[in-house]
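J.: Reproduced below are the annotations present in TrEMBL:
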type	residues	note
TRANSMEM	B:78-98	transmembrane segment
TRANSMEM	B:104-125	transmembrane segment
TRANSMEM	B:151-173	transmembrane segment
TRANSMEM	B:179-204	transmembrane segment
TRANSMEM	B:216-235	transmembrane segment
TRANSMEM	B:280-298	transmembrane segment
TRANSMEM	B:360-379	transmembrane segment
TRANSMEM	B:391-410	transmembrane segment
TRANSMEM	B:445-462	transmembrane segment
TRANSMEM	B:468-484	transmembrane segment
TRANSMEM	B:505-526	transmembrane segment
TRANSMEM	B:532-550	transmembrane segment
Amino acid sequence: METILEMREVKKSFGGNHVLKGVNFSVHPGEIIGYIGPNGAGKSTTVKIILGMLQQDAGEIMLFGRSLAENGDEYKARIGYVPENAELYETLSAEEYLLFVGRLYGMDEQIVRQKSFSMMKILGIESAFKNRLSSFSKGMRQKVLIISSLLHNPDILFWDEPLNGLDANSVQIVKEILSELKKDGKTIFYSSHIMDTVEKLSDRIIILNNGTVVADGPFAELQKDADGTLEQLFNQLTGFNEYAELAADFVTAMKGESQYDA
Amino acid sequence: MMRNIFGKESKSDTPFFIKILNFLAPMYRAFGVDYPTLRVIVEAKMVMDGRQESVIQKSGWGNKKKNDEDKNTFFQSLWMYAIFSLILLFLFAIDNIVFQYTIFFSYIFVMLISTLIANFSTILLNTKDQVLIGTKPVSSRTLSAAKATHVFIYLISFAAAIAGPIVIATFFFHGILAGVLALLLVILASLWCLLLTIIIYATVLKRFNGEKLKNIIAYSQIGLSVFTIIGYQIMNQVIQIVDPEVLAIELNLQWWHVIVFPLWFVAPFGMLQDGWSMTYGIYIAFLLLGTLGIVLLYRVNNDKLEKNLQKLDSGEAEEDKRSLYETITGKWLSWDKRELGYYHFVWQLTKHEREFKTRLYPSLASILVFPAVLLFSSFRFSEGAIEESVTFIYMPYFTMLMLPMLAVSLQYSKNYKGRWIFDTSSENHAGVFLRGMIKAMTMKLIFPIYVLLSAVVIVMTGFELLPVIINGFLLIIALFFMEVKRTITDYPFSRQYNASEANQGCLATVIFFGIVIVTTLFMFLIQEFIPFGAYIVLVLLLAVDGWLLTKGFDNTKLYQL
């Protein structure tokens, strides 16, 4: 099968800090990829490079069958992006923000307004359509960002922790939306820390640790190497197995009886 | 109702600047910019600038307050500058067209460059746009041009305010041709300032990365300030007062003066008055070539800035340590545990925040250079020994010129959302916070500069001036308290940087000047003409500062704006 995205030995460092040390993986059209890893593993950096916000130091990235280096900026019209930390222009209203994004995609205003209002209605936040984003809760902002990434009907989605701040019901809807989008032939590349969701939702799971891919495959396949849940596999692959001791130490430290010196 | 700029039914409501932009569309296309997209971005930016961001939702969403309505404080305060610039009309009393426009363009360039660097760098170097706009099918060229246009709208409005009186007067005094020339050259000067700044930033960003880059930008701004001031020192030499009685002036142009580029802007006026001459011809040629060069350089570099901007956010973290100086001064000066906490908080926060540095450091640099320039100019005009010059003795007092900008800058932070932590305290701690902040900033920024300037004075004149110098420092502390009182109503570091508030520092400075002149004059008279006056002032100021440093702001309550 042809690939829609391929990373070949992608490296990136900031100063002396090597964030990506040769990342390799490929994504096929219609796949849902769960991109997971501990904090600081380089997940967001990977996505930022693919979206052209950062340039890689070495390696090649193929997207839609062409090298990123040769692509202009037009390829971004086929991408839907949800940034980490729910960044958006807070002084605009939800309507204005979505219209703004829609116009950056060169879309007709009437269509954007209609699409975004219906999507907000389905997610239950249509009453805030004309309110400033600064008054939105984290979950509401996340919904606006998800909508803004879908306005232009993209082929591939890069969602950086899309479930952040959403309540359980909304998580349920978003999961279903992802399955629907997959049926529609969309490719979805998302990162998350909720192992349970990643385990059930992803066709394939890529685990990044310390700047390299340490596991890549469907959950069932990964399970053969390690019995149990994805969480356990994750702990094992990222070399983390002393959580019980650490928790006890943490509470000791809180009481001021720490064995470590500052 | 919020103004909806995104069309809908209000097509007639197109803002003025958009009409102008539409007119310039072919030029944008020539630069490889996607004009419709640029328009969308600039429109949205202007709408955002007109709105104050409320950090915490006030009383649930769905309620719009009156003060939420669109207003742009920047444009509302421009008339102040126009009035201020009326002073320049005195130039027409001196009958030398070259002199008139030399001073005029000097003024324009100093004002524009300092405003641009101090207030608009944060917009040019904003990384959020990369994430939100750069990830859409928008080329770096277009995004960069949109940002430049956004800043240029402010810059040209500012230029109109400060240059307006003179340009209008030019039509009356020198005729229509000169008036049109003045108008065009002011626009060109604004364009020069903006493009030069962008080119410099783009070049620096391309070559360096990470933490280093932030420092380089802070220093490059200082360098630019220094360069400007040196340029004016040369200008000062060019102008020779032949006869002070009738304000007769002669220009002493040497070939090497050609490096002072504001003179290039003056040459066309000279030609208008005196006809063709070799010097004017060369200067005009430089003006045209310079413009062409800048435009070409911009054409080459205009996508580089955006491409490398993310470097600003992804620097490796350096290890934070308190310096010995910080630790010791903190221990000595903060007599309360909470105050000490704020002392270190403010010190570290201002150490890391690029926005704070880009706002403040240029004015710090000029404070170091300005006295030197003043000194030499007064030295040239007066025959007396340098040590006896009053300007020289009172040189350290110039440090107080940084206070208004400092007080204004302390309101803002990139991480303004962190303000919630101030609200979680179980008691009113405005007093300790503000005192700790004032002490930290005094020791971190004011004291070193003051000591440096004082050392120069003491080395050259001896220790008998010590009381006067100590008094100056005590006065600065008192004035700092006053400035903070006047400026800060919410917790410090709890507001967002915003283009429309970019000129707050300038405005505060203008108001501050009045206060400073009166106070300093008062002190000067007491110290110079009353026996032991300096000691009387010393005792008084010690009492005032003693009270301020222990009890000041104790009854202050800070509230959300």
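Every residue, even glycine, has its Cβ placed from backbone N, Cα and C.
Curation plays no part in TrEMBL annotations; they are all automatic predictions.
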J.: Short question: most Cβ pairs under 8 Å with the transmembrane segment (B:280-298), which of B:104-125, B:151-173, B:179-204, B:445-462, B:505-526?
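T.: Between the stretches B:104-125, B:151-173, B:179-204, B:445-462, B:505-526, B:179-204 has the largest tally.
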J.: Flag the pair the transmembrane segment (B:78-98) / the transmembrane segment (B:445-462) as in contact if three or more Cβ pairs fall under 8 Å (sequence separation 6 or more).
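T.: Between the transmembrane segment (B:445-462) and the transmembrane segment (B:78-98), which are separate recorded stretches, there is no contact, as judged by 3 or more close Cβ pairs.
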J.: Most CB pairs under 8 Å with the transmembrane segment (B:179-204): which of B:104-125, B:151-173, B:532-550?
T.: B:151-173
J.: Output the single range from B:104-125, B:505-526, B:532-550 maximising the number of Cβ pairs under 8 Å to the transmembrane segment (B:391-410).
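T.: So the stretch in question is B:505-526.
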